[in-house]
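J.: What TrEMBL records for this protein is below:
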type    : residues                                                                   : note
DOMAIN  : A:5-168                                                                    : domain 'Class II Histidinyl-tRNA synthetase (HisRS)-like catalytic core'
BINDING : A:Asp67, A:Phe68, A:Thr69, A:Arg94, A:Gln108, A:Glu112, A:Tyr311, A:Tyr312 : L-histidine binding site
DOMAIN  : A:236-350                                                                  : domain 'Class II Histidinyl-tRNA synthetase (HisRS)-like catalytic core'
Amino acid sequence: MLNDNRAAIREQAATLETAFRNAGALHVESDALLPADTLLDLYGEDIRARAYVTQDPVLGERMLRPDFTVPIVERHMSEGAEPARYCYNGSVWRKQDAGSQKASEFIQVGFELFDRTDPAVADAEVFALFREILPDDLTVGTGDIGILRAAIAGLTTSDKRRAALLRHSWRPTRFRQLLDRFGGKTTPIASRVELIKAAKADGIDTLIKSSGKFLGLRSKAEVHTRIESLINDVDEPNLPSGELAVIEAILNLDCTATQAVEKLRELQSDLPAIAGAIAVFETRLAALSKHGVDVNTLAFEGSYGLTSMEYYDGFVFGFQRGEQVIASGGRYDALTSVLGNGRDIAAVGGVIRPDLLLGVA
Amino acid sequence: MLKLGVPSKGRLQDDTIAWFAQHGITLERTGSDREYAGLVSGVDGVQLVLLSAGEIPKELAAGRIHLGVTGLDLIREKLLPWQEKVAVLAQMGFGFADLIIAVPKGWVDVECLEDLDAVAAQFRKVHGFRLRIATKYHNLVRGFLQSKGVADYQLIDSQGATEGTVKNLTAEAIADITSSGSTLEANHLKILNDGLILKSEATLFASRFADWNDDARASLAQMQALVKWDDITL
């Protein structure tokens with residue numbers, strides 16, 4: 001009988017699962033066929049391009065599990081008590097781009113930690129565990145999306161502008177576009193200038209009325225509110241160039257973790273709001289040191305994980321062999337807050353690809 | 001035999017027949033009007049296959065027809081990556097249609113994608129779900145909006161009468177093909193000024209997966225001499 005690599009991958013996965021269980025994790029299983037609406041609400045339309053969607057005449061739209069995070073978090077919320085450590089070992093399915101050599105079905109072995117007592121300490125525990133389990137020859141990368149988020153939250157500008165920047169912090173091109181716009185570096189959108197001129201001259205309601213028959217679920221009141229906020233936004237001063245420079249400097253950080261702390265301390269005078277995030281960063285580094293991680297050589301990038309790990313909002317890490325990401329993880333408190341309808345659940349975790357680890361994928 | 005797939009009815013069929021006639025190739029339906037068979041003269045060894053325009057991309061990709069006439073929009077939506085499955089032989093100069101994004105005219109605050117994105121965020125906050133865009137071009141629209149950094153929307157499948165979905169409150173905006181814009185106008189919709197996703201026209205495609213035996217190649221060479229297109233490798 002022919003045996004392909006799958007048996008070897010299963011064995012590798014079992015070894016990783018055992019390591020996670022030895023670290024105190026409860027092994028959990030999840031359905032492979034998940035309700036699509038939760039995933040769509042969480043990840044947006046883009047998930048349809050990545051996950052396999054199927055239609056059930058009774059149950060409605062279903063998705064083949066694209067990752068374990070959602071089912072694990074949901075299960076934890078319904079029956080888990082903190083602190084909790086979970087591990088899982090099973091297949092996930094992802095559509096790949098045309099021409100891609102990447103597998104569309106593969107095994108993920110993961111570990112998730114729910115513990116709100118000290119997030120920085122929890123971050124360190126997860127990272128140290130992955131570092132211990134994985135071979136030494138992999139390239140390690142780390143970042144902290146919490147620092148960028150703190151910087152955005154501390155910008156001297158309107159709530160609306162801060163919210164827009166936070167919302168697009170995972171889309172680098174769009175984020176930069178917004179930064180340039182708010183920094184006064186691009187000319188305002190012509191149609192918007194016209195709109196504001198007309199609204200000021202004739203009044204917002206007249207303007208809406210002049211468009212003829214009004215259709216659709218989005219109400220006149222919503223249009224009215226948005227035009228008002230556009231008018232207010234015109235008077236909003238440009239983002240101070242010093243603060244823009246801080247954002248730029250954070251995104252460009254590419255050094256060791258300890259050097260990053262020093263550089264961030266320097267930036268703090270221009271944007272004091274990042275002090276809290278730096279403190280968390282330092283606590284994490286101290287906790288990592290206790291686990292025997294040499295933070296003086298640990299690589300740190302300011303924009304690490306900003307494009308590929310959409311739902312992470314704090315500490316992020318990855319282990320690579322060349323371009324291949326063998327393992328990745330991070331903190332995703334914002335995601336659990338959406339899933340829990342605002343309930344506050346601190347979560348950090350990561351996954352390993354046993355196939356890529358074996359180098360047989 | 002070289003199999004040529006042609007739309008089975010309507011304006012697109014009439015224009016296709018006229019286009020081939022201009023190039024000295026006669027396509028004739030045989031038997032009754034309702035019979036899906038035909039004769040080709042002017043080029044030897046060509047069999048006419050009458051198909052729904054929407055089926056032609058799939059038939060080309062499967063290699064069941066050698067050549068096919070359909071819109072670039074359908075090819076780009078249904079075949080990924082399309083260049084690896086079909087080759088463009090000739091753009092035919094009719095069936096012009098733009099795939100666009102349109103929103104209600106009453107949205108006087110929305111003229112471009114950046115507005116649409118901002119409104120999507122506002123809409124989700126107010127209504128608790130993502131702004132719905134009705135379309136049948138899921139891949140093209142999703143790819144376009146992703147590349148433009150528009151978030152917080154969802155696509156709703158609409159296989160026809162898409163312009164009516166906004167009035168019927170089943171979608172907030174639409175992405176559909178338009179030629180004159182009069183249907184949009186009648187449904188109180190307007191096109192975003194940077195909302196052009198794709199310009200499409202009727203196109204003669206060659207399948208890269210059909211059986212290109214000597215006979216089929218000989219027929220193709222005859223047709224190329226009449227229609228005149230640049231050499232391509234199949």
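Keep in mind that glycine also has a Cβ here, set from the backbone N, Cα and C atoms.
Neighbours and distances for these, please.
T.: The DSSP secondary structure for A:Phe68 (L-histidine binding site) is coil.
The average pLDDT for the domain 'Class II Histidinyl-tRNA synthetase (HisRS)-like catalytic core' (A:236-350) in the predicted structure is 93.
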J.: Quick one: give me the count of other CB atoms within 10 A of the CB of A:Phe68 (L-histidine binding site).
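T.: Counting Cβ neighbours of A:Phe68 (L-histidine binding site) within 10 Å gives 24.
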J.: So if I measure Cβ to Cβ from A:Glu112 (L-histidine binding site) and keep only same-chain residues at least 6 apart in sequence, which ones fall under 8 Å?
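T.: The answer is A:Thr69, A:Ile72, A:Val73, A:His76, A:Arg85, A:Tyr86, A:Cys87, A:Ala347, A:Val348, A:Gly349.
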J.: Could you give the number of helix, strand and coil residues in the domain 'Class II Histidinyl-tRNA synthetase (HisRS)-like catalytic core' (A:236-350) as assigned by DSSP?
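T.: Residue counts in helix, strand and coil order: 49 helix, 25 strand, 41 coil.
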J.: State, in Å as a whole number, the widest CA to CA span among the L-histidine-binding residues A:Asp67, A:Phe68, A:Thr69, A:Arg94, A:Gln108, A:Glu112, A:Tyr311, A:Tyr312 given in the record.
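T.: Site span for L-histidine, by Cα atoms: 21 Å.
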J.: Check A:Glu112 (L-histidine binding site) against DSSP and tell me helix, strand or coil, would you?
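T.: Once the DSSP labels are grouped into three classes, A:Glu112 (L-histidine binding site) ends up as strand.
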J.: Secondary structure at A:Arg94 (L-histidine binding site) (DSSP, helix/strand/coil)?
T.: coil
